[in-house]
Amino acid sequence: MAITRRKISIIGSGFTGATTALMTAQKELGDVVLVDIPDMEDPTKGKALDMLESTPVEGSDVNVTGTANYEDTAGSDVVIITAGIARKPGMSRDDLVNTNAKIMKSVTQQIVKYSPDCYIIVLTNPADAMTYAVYKESGFPKNRVIGQSGVLDTSRFRTFIAKELNLSVEDVQGFVLGGHGDDMVPLIRYSNVGGVPLTKLMSQDRIDAIVERTRKGGGEIVQLLGNGSAYYAPAASLTQMTEAILKDKKRVLPTIALLEGEYGYEDIYVGVPTVLGGDGIEKIIELDLTDDEKESFAKSVNSVRSVMQALPQD
Ligand SMILES: NC(=O)c1ccc[n+]([C@@H]2O[C@H](COP(=O)([O-])OP(=O)(O)OC[C@H]3O[C@@H](n4cnc5c(N)ncnc54)[C@H](O)[C@@H]3O)[C@@H](O)[C@H]2O)c1
Ligand SMILES: O=C(O)C[C@H](O)C(=O)O
C-alpha cells in the first residue's frame with residue numbers, strides 16, 4: 001500500500017489555530033485542515049490558501065485547506081482543538097469555562113465521528129478542565145486525549161532563566177507541574193542549565209521572581225495585547241507536541257494527563273511530566289516531591305477541581 005502523508009486537523013482558525021497551522025506546515029509534519037464555524041468559512045479558507053502559497057518558499061510539500069465542514073477532517077492522525085473564546089484583561093482563564101465547555105462538546109462529537117482513531121490535543125482554556133471534558137465526550141482512551149499547558153509554561157520559565165543568565169535557551173531545562181493557572185508549580189529542584197542546578201547559578205530571590213513571572217506569564221501577554229491572549233509560544237508548543245506524536249519521538253514533556261492514582265490523585269486531568277510518542281501519552285513520570293512541593297501541587301489540583309465543578313454533568 002502506498003504511504004500517504006499524515007493529516008493534522010486544527011479546530012479553530014483564530015490566533016492560535018492559524019499560527020499552529022503555519023508552524024506545522026512549515027515543519028512538513030503533514031497535510032493541515034483548518035476548521036472554523038460556518039460564519040468564518042471564507043476567512044478560514046483565505047488563511048489556509050495564504051499559508052499554502054508560502055509552501056514553495058519553505059520547500060514544504062504539504063497541503064493546507066480551510067473549511068467549516070468536518071467531513072474534510074476525516075481520517076486525521078492528530079486533531080488540535082483551539083476553538084473557543086480567549087480571555088481579555090481583567091479575566092481569569094476560569095471565566096471561560098461555561099462557554100468553552102459547550103464548544104468542546106460539539107467539536108468533540110464531530111472529531112470523533114470523522115477521526116475515530118486520532119490523537120486529540122486540547123489547547124482551549126481553562127485547559128485542564130477542557131481536556132477532561134473532551135476526554136469524557138470522546139470516549140477515547142486516556143492516552144489519546146492530551147492537554148497543552150506545561151510545554152508553554154516551561155518554555156516561559158526557560159526563557160526568563162536564559163535571559164537572566166545570558167545563557168542559551170537550549171541548555172535550560174526545567175518543568176512546570178500542576179494546572180494551567182496562577183498556582184502552577186515550577187519545579188526548581190529539577191531545573192538546571194547544562195546539568196548545573198539552578199540554585200548554583202541564581203539567588204533565591206531571583207528564582208522566586210522568575211517563578212512568579214512564569215505563573216503570571218499568560219496574564220502578562222493578555223495585558224500587553226489588550227484584546228486576546230498569547231499565540232506564538234502556544235502554537236510552538238502545540239507543534240512540538242504534534243511532532244512528538246507523529247514522529248514517535250518519545251519526548252519527555254509536561255502535558256495535561258489523566259491521573260488515575262499517580263501523585264495520589266484520581267479522575268483529574270492536570271499537568272505532569274509524561275512520555276509523548278506515537279501512542280500519545282505513553283507514560284506518566286512520577287517524581288518524588290518534597291512536602292512543600294506536594295502542598296503547592298495540591299493547591300493547584302484543588303483549583304483545577306473547583307473549575308471542573310462548573311462542567312456540565314450530562
Ligand atoms: N492552554 C494554553 O496554553 C493556551 C494558550 C493560548 C490560548 N489558549 C486558549 O485557546 C483558545 C483559543 O485562543 P485564540 O487566541 O486562538 O482565540 P481566537 O479568538 O483567536 O480564536 C478562536 C477561534 O475559535 C473559533 N470557534 C469558536 N467556536 C467554534 C466552534 N464551535 N467550532 C470551530 N471553531 C470555533 C472562533 O471562530 C475563532 O476563530 C482560548 O480559549 C485561549 O484561552 C490556551
Ligand atoms: O493566558 C491565557 O489566557 C492564554 C494562555 O493560557 C497563556 O498562558 O498564554
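Even glycines carry a Cβ here, placed using N, Cα and C.
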Same substrate site as Arg87, Arg93, Arg156 according to TrEMBL: which of Asn63, Asn125, Asn192, Asn227? Asn125
The NAD(+) site in TrEMBL includes Gly12, Ser13, Gly14, Phe15, Thr16, Gly17, Asp36, Leu123, Thr124, Asn125. Which of Asn98, Asn100 is also listed there? Asn100
Given the recorded positions Gly12, Asn125, Ser149, His180, which lie within 10 A of Arg93 (substrate binding site) by CA-CA distance? Asn125, His180
Sorted by position, what residues of the same chain at least six away from Asn125 (NAD(+) binding site) have a C-beta under 8 A from it? Gly84, Ala86, Arg87, Arg93, Leu96, Asn100, His180, Ser229
Using a 10 Å cut-off, grab the number of neighbouring Cβ atoms around the Cβ of Leu123 (NAD(+) binding site), all chains included. 30
The most crowded of the binding-site residues Arg93, Arg156, judged by neighbouring Cβ atoms within 10 Å of its own Cβ, is Arg93
Identify which of the recorded positions Arg87, His180 has its Cβ surrounded by the largest number of other Cβ atoms within 10 Å, counting every protein chain shown. His180
